[in-house]
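S.K.: Structure incoming, see below.
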Amino acid sequence: MGAEQQVRAGFVELYGAEPEGVWAAPGRVNLIGEHTDYNDGFVMPFALPHTATAAVSRRTDGRLRLHSADVEDGVAELRLDDLAPESDRAWTAYPAGVVWALREAGHPVTGADIHLTSTVPSGAGLSSSAALEVVVALALGDLFELGLQRWQLARLCQRAENVYVGAPTGIMDQTASACCEAGHALFLDTRDLSQKQIPFDLAAEGMRLLVVDTQVKHAHSDGEYGKRRAGCEKGAALLGVDALRDIPYADLDAALERLGDEEEVRRLVRHVVTEDQRVERVVSLLKSGETRAIGPVLVEGHASLRDDFRISCPELDLVVDTALAGGALGARMTGGGFGGSAIVLTEAADVDTITKAVEEAFAAAGFTAPRVFEAVPSAGARRLG
Ligand code: ADP
Ligand code: MG
């Protein structure tokens, strides 16, 4: 049974009727542009083949029923009038937050029955949370005929995660899940959400992109994210700009000089400004067909995250070092840091050797075995039936 049929059957079993429709929204991996999205900068994610899939029907009685095939709990039943920011610490906060954000924005959502399942690894830095939000937003937008554009769905989902769930995240994850196209990476300007689809078909050029999920999440990651974010805001304030995005790469040295002995802020600023420039370099290399040349840019990005932004960890560094020693074209950590996943760009012929080398290095270091899979740039959110 395919994903659509499975989630449809699950819905019928739970709620005793066919759903009005089934939708899917993918997780994402970020090719380059890390910790730039809350600095109004550039990012370049692409969608994974892994998706959250939801069967949904409308209700008119102000009730919301939620069920995930991947969680042990039964059906959660909520009243729309009771939805309140940070009132829910369970997984249900993500879909409920979307309903809350839609209603807050004045959209006439009168209730829903939702059953979902997801193949996006959770907590691996691949945005299972955004997949969950976007699939619900797209379904409700369609069913209640809200006429929302994809970027508007992304904004509402970000609001759900920031305000309702209470997790400070930028706009990249939700936009990637809502807007990506198969065979492309999404060049996104997070200031105005303008976007360009950049052809990114590695298989056609004999290459592969591996995702290595380290399966670790170091405990302090949330607090560290907040500290980096606050440090970037401090840097922008000291430099008299709205966001670090406003420091052109050509002015970086002068900006660093102006920051004087603010050593930590200097490192954060240097990462963000050079990272924005790396995104622009990757875009221009891909446009001119020099795909293999993006490898060294990814490696530079990793060094910047490790040494300047200081959010890598031994597991992520080991993936990158081992992959490069094994002949990879490029590799870097991706996502928030302190665990989660790394990406490896490699010739197709080297996939097995590199995978084996990473697995062996993890075993030798006494780390949990990593999960390695190939990431093919896939479609964004869509209705399945
Ligand atoms: P990431 O987005 O990197 O995967 P997050 O911590 O942002 O990590 O989101 C993970 C959370 O999303 C989980 O703790 C859970 O609450 C929710 N979630 C993800 N997938 C599912 C699922 N299939 N069913 C229910 N909840 C899910
Ligand atoms: Mg998330």
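Cβ coordinates are placed from backbone N, Cα and C, and glycine is handled just like the others.
Sharing the feature lines straight out of TrEMBL:
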type: DOMAIN; residues: 11-58; note: domain 'Galactokinase N-terminal'
type: SITE; residues: Arg28; note: site 'Transition state stabilizer'
type: BINDING; residues: Glu34, His35, Thr36, Asp37, Tyr225; note: substrate binding site
type: BINDING; residues: Ser68, Gly123, Ala124, Gly125, Leu126, Ser127, Ser128, Ser129; note: ATP binding site
type: DOMAIN; residues: 94-179; note: domain 'GHMP kinase N-terminal'
type: BINDING; residues: Ser129, Glu161; note: Mg(2+) binding site
type: ACT_SITE; residues: Asp173; note: active site, proton acceptor
type: DOMAIN; residues: 285-363; note: domain 'GHMP kinase C-terminal'
S.K.: Those binding-site residues, Glu34, Thr36, Asp37, Ser128, Tyr225: which ones have a Cβ sitting under 6 Å from ligand 1?
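M.R.: The binding-site residues passing the 6 Å Cβ test are Ser128.
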S.K.: Compute the average pLDDT of the predicted model within the domain 'Galactokinase N-terminal' (11-58).
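M.R.: Its mean pLDDT is 98.
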S.K.: Using Arg28 (site 'Transition state stabilizer') as the reference point, find which of the recorded positions Glu34, Gly123, Asp173 has the shortest Cα-to-Cα distance to it.
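M.R.: That would be Asp173, the closest of Glu34, Gly123, Asp173 to Arg28 (site 'Transition state stabilizer').
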S.K.: Give me the non-local Cβ neighbours of Thr36 (substrate binding site): same chain, 6+ apart in sequence, Cβ-Cβ under 8 Å, ordered along the sequence.
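M.R.: Those within reach of Thr36 (substrate binding site), by Cβ under 8 Å and sequence separation of 6 or more, are Phe42, Val43, Thr190, Arg245, Val272, Glu275, Asp276, Val279.
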S.K.: What is the number of other Cβ atoms found within 10 Å of the Cβ of Ser129 (ATP binding site)?
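M.R.: Excluding its own Cβ, Ser129 (ATP binding site) sees 27 Cβ atoms within 10 Å.
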S.K.: Let me know the DSSP-derived helix, strand or coil state of Ser68 (ATP binding site), please.
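M.R.: It is in a strand.
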S.K.: Within the same chain, and leaving aside Glu34, His35, Thr36, Asp37, Tyr225, name every residue whose CB is within 8 angstroms of the centroid of the CB atoms belonging to the recorded substrate site, in sequence order.
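M.R.: Near the substrate site, beyond Glu34, His35, Thr36, Asp37, Tyr225, sit Gly33, Tyr38, Asn39, Val43, Gly170, Met172, Arg228, Val272, Glu275, Gly336.
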S.K.: How many other Cβ atoms sit within 10 Å of the Cβ of Tyr225 (substrate binding site)?
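M.R.: Taking all protein chains shown, Tyr225 (substrate binding site) has 19 Cβ neighbours within 10 Å.
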S.K.: Summarise the domain 'GHMP kinase N-terminal' (94-179) by DSSP state, stating how many residues are helix, strand and coil.
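M.R.: Across the domain 'GHMP kinase N-terminal' (94-179), the residues distribute as 51 helix, 7 strand, 28 coil.
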S.K.: For the binding-site residues Ser127, Ser128, work out the Cβ neighbour count at 10 Å and name the residue with the minimum.
M.R.: Ser128
S.K.: What is the biggest Cα to Cα gap, in Å, among Glu34, His35, Thr36, Asp37, Tyr225, the residues listed as binding substrate?
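M.R.: The substrate-binding residues span at most 13 Å between Cα atoms.
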S.K.: Check the Cα-Cα distances from Ser127 (ATP binding site) to the recorded positions Glu34, Asp37, Glu161, Asp173, Tyr225 and tell me which is shortest.
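M.R.: Comparing Cα positions, the closest of these recorded positions turns out to be Asp173.
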